[in-house]
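Dropping the structure in here first, questions after.
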Amino acid sequence: MINLGAVLEWFEFCLYGYLATYLSVLFFPEEDKTVAMITVFGIFAASYIMRPIGGFVFGSIGDRLGRRYAIKLSMIIMCFPMLIMALMPTYDSAGIWAILILMFARMLQGFSVGGEYTGILVALTESASPKYRGFTNALAGLASQIGVILSATVVGLLSYFLTNDEMLSYGWRVAFIFGFVLAVISAFLQGKAKESPFFKEAKKEHKLSKSPLIDAIKGPKMPLLWTFVLTGYVGIAYYMMATFLPNSLISDKGFDVDDIMLLTVISSSVYAFISPLFGLLSDIFGRKPMLYIPIVLVAILGYPMFILFNSSGLGGILVAQLIFAVLISAMTASFQVTVTELFPTEHRYSGMSAAYNTGNAIFAGTTPMICVWLAGIFNSSYAPCFYLIIASVITLALIYKMPDTRYSEDFAAS
């Protein structure tokens, strides 16, 4: 039941990205194409600004009242922005108000998501066998990619069966209505989820903190820094692959939407079903090796992958997407369990959510916009890959002294 939230979150966030080429026309028709895309992705970034606030609120609720309660509340709130986006007017009918409504919906969505996914990671890890925390935590990665697959499938099918004019007229609304229905079902089913045994034990022993966020901030600073850095880096890599590149291939290279969505479904399927395997490998060989190896490979293979994206047909693009998917799946499976294990039970949800969502807001949420800007200012579709390569090198340096958390009985960094 817990993983339904991961499916929902990634479906809804990727849905906006996959519909960006249509939304840029509907909400920013007077802008230059590049400017319109930057603006659409700017609203994408604005939603991420709300994620730390949501993380602060839901993290504190999760540490004081229970993981299950916080996750369910965030999923209920998630229903509203999906309904708003399905019914909102376009620029032609409402002018600037249409843009403001879109931004409000996305920011409300970001607030909700800020406490949802981190709560899922905490709940899964705390419910797992000590020997298989990495494997169990990685099930969230599997669930999240099911959301991506579902999102790409919905957009791909709609664009296949509808003309471009029909997509601009009502097809994009159908996608958001589907998301609203999914949100309602997920929120209802979440009520059947069980509470974390770690939280129940802490509550029984009266160890719950009255101010978990303050305790997390006053505590050791390095777990916060490592979580912030890793989240930001993985976000850069992921959203470059999942949001920027598909839209670039459609809007700049002229590929059909349904073709690119099909490739995205294939690569996301590979990502999804190998994620638990990489989680298991982190249980066997440790978290840090399973982090370092894929980050190093991304730094080395970043430029060659961009050559395939920019200089080949669908076959070459698929190869690049699959390489990207495997590497990001590997690092994500280890990264997510690591940042969960870095914090003690009393403020795990609050501390992790604060650092995780701040990293997402600053780096992940801005990645598509920065990539479009870099490609435009340097007049080169290869420019974004250097952003990824530099981020890889900096991340490797900053996590060098991070402990391997695999054997932490209480998940707290020593």
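Each Cβ is built from the backbone N, Cα and C atoms, and glycine gets one as well.
Unlike curated records, TrEMBL annotations are generated automatically.
Per TrEMBL, domain 'Major facilitator superfamily (MFS) profile' is recorded for 1-409. Annotation comment: TrEMBL describes 7-28, 34-57, 69-88, 94-114, 135-158, 170-189, 223-240, 260-279, 291-309, 315-333, 354-375, 381-400 as transmembrane segment.
Can you walk me through where each of these features ends up in the structure?
Using a Cβ-Cβ cut-off under 8 Å and counting only residues 6 or more beyond its ends in the same chain, the transmembrane segment (69-88) has close neighbours at 2, 4-5, 8-9, 12, 16, 54, 58-59, 61-62, 98, 101-102, 104-106, 108-109, 111-116, 119-120, 123, 173, 176-177, 179-180, 183-184, 186-187, 190-191, 193, 349.
Counting only same-chain residues 6+ beyond the ends of the transmembrane segment (260-279), those with a CB under 8 A from a CB of the stretch are 18, 134-139, 141-142, 144-146, 148-149, 152-153, 155-156, 159, 241-242, 246, 249-250, 290, 314, 317-318, 321-322, 324-326, 328-330, 332-334, 337.
Below 8 angstroms of C-beta separation, residues 230, 233, 237, 245, 249, 316-317, 319-320, 323-324, 327-328, 330-331, 334-335, 338, 381-382, 384-386, 388-389, 392-393, 395-396, 399 of the same chain, each at least six residues beyond the ends of the transmembrane segment (291-309), sit close to that stretch.
If one looks beyond the transmembrane segment (315-333) by at least 6 residues along the same chain, the residues whose Cβ comes under 8 Å of a Cβ in the stretch are 134, 137-138, 141, 234, 237-238, 241, 245, 249, 263-264, 266-268, 270-272, 274-276, 278-279, 281-282, 290-291, 293-295, 297-298, 301, 305-306, 308-309.
When Cβ-Cβ distances below 8 Å are used as the criterion, the transmembrane segment (354-375) is approached by residues 17, 20, 34, 37-38, 41-42, 44-52, 54-56, 59, 110, 114, 118, 213, 216-217, 223-225, 227-236, 238-240, 243-244, 247-248, 252, 339, 381, 383-384, 387, 391 of the same chain, each at least six residues removed from its ends.
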How does the model score the domain 'Major facilitator superfamily (MFS) profile' (1-409) in terms of mean pLDDT?
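That stretch averages a pLDDT of 89.
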Of the listed stretches 34-57, 94-114, 135-158, 223-240, 381-400, which one has the most C-beta pairs under 8 A with the transmembrane segment (7-28)?
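Going through each listed stretch, the top one turns out to be 135-158.
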Counting only residues 6+ away from its ends, which parts of the chain sit with a Cβ under 8 Å from the transmembrane segment (135-158)?
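Residues 3-4, 6-12, 14-15, 18-19, 117, 120-121, 124-125, 127-129, 167, 171-172, 174-175, 178, 182, 242, 257-258, 261-262, 264-265, 268-269, 271-273, 275-276, 278-280, 282-283, 329, 332-333, 336-337, 340.
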